[in-house]
Ligand code: CMP
């Protein structure tokens with residue numbers, strides 16, 4: 001399988017509970033390498049832009065409110081089959097449906113406070129990485 005890059009976020013519900021290190025360790029233990037990382041406090045405009053694909057959904061307001069309620073750690077992850085691997089270690093969107101040992105089963109509180117986000121395909125990975133990082137911030 002090819003070496004890929006994917007985009008990951010450790011969301012405010014997790015950073016508020018001081019889980020940045022615990023979650024990053026789960027990503028690293030799964031074979032992913034953090035090749036870029038920064039802690040941001042998203043503006044409403046940034047959160048709305050990032051999640052624009054969901055803007056007609058009933059939960060959009062709640063999603064933006066949660067994402068602007070505290071710091072988020074945005075990361076670029078690299079590894080073999082990184083996009084799928086990251087989604088496997090994250091677990092299902094709703095932690096109630098997530099497999100044992102996944103990040104969301106271990107740490108998430110609810111579907112709205114589900115601790116992490118990860119890109120779902122190569123196209124979205126490229127877009128999401130470019131939304132938060134310049135090329136010079138991705139250092140390997
Ligand atoms: P994420 O992978 O970041 O992509 C979109 C987010 O919207 C998702 O994780 C959830 O946090 C959130 N979300 C999806 N469905 C719901 C829902 N029914 N209620 C509240 N939040 C949701």
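One-based numbering along the chain as shown.
Placed from the backbone N, Cα and C atoms, the Cβ positions cover glycine too.
Since this is a predicted model, take the numbers as computed values, not measurements.
What TrEMBL records for 117 is active site, pros-phosphohistidine intermediate. As annotated by TrEMBL, ATP binding site applies to 11, 59, 87, 93, 104, 114. Positions annotated as domain 'Nucleoside diphosphate kinase-like' by TrEMBL: 3-140.
On the 0 to 100 pLDDT scale, the model's mean across the domain 'Nucleoside diphosphate kinase-like' (3-140) is 98. Cβ neighbours within 10 Å of residue 104 (ATP binding site), excluding its own Cβ and spanning all shown chains: 22.
Residues from the recorded positions list (87, 93, 104, 114, 117) with a C-beta closer than 6 Å to any atom of ligand 1: 93, 114, 117. Residue 93 (ATP binding site) counts 14 other C-beta atoms within 10 Å of its own C-beta, drawing on all protein chains shown. For the ATP site, whose binding residues are given in the record as 11, 59, 87, 93, 104, 114, the maximum C-alpha distance rounds to 21 Å.
Residue density at residue 87 (ATP binding site): 17 other Cβ atoms are found within 10 A of its Cβ, drawing on all protein chains shown. In three-state terms derived from DSSP, the residue listed as 'active site, pros-phosphohistidine intermediate' belongs to an extended strand segment. Classification of residue 104 (ATP binding site) by DSSP places it within a helix. For the recorded positions 11, 117, the greatest number of Cβ atoms within 10 Å around a candidate Cβ is found at 11.
All protein chains included, residue 59 (ATP binding site) registers 12 other Cβ atoms within 10 Å of its own Cβ. For residue 114 (ATP binding site), the Cβ neighbour count at a 10 Å cut-off comes to 23, with all displayed protein chains included. Mapped onto three states, the DSSP output places residue 87 (ATP binding site) in helix.
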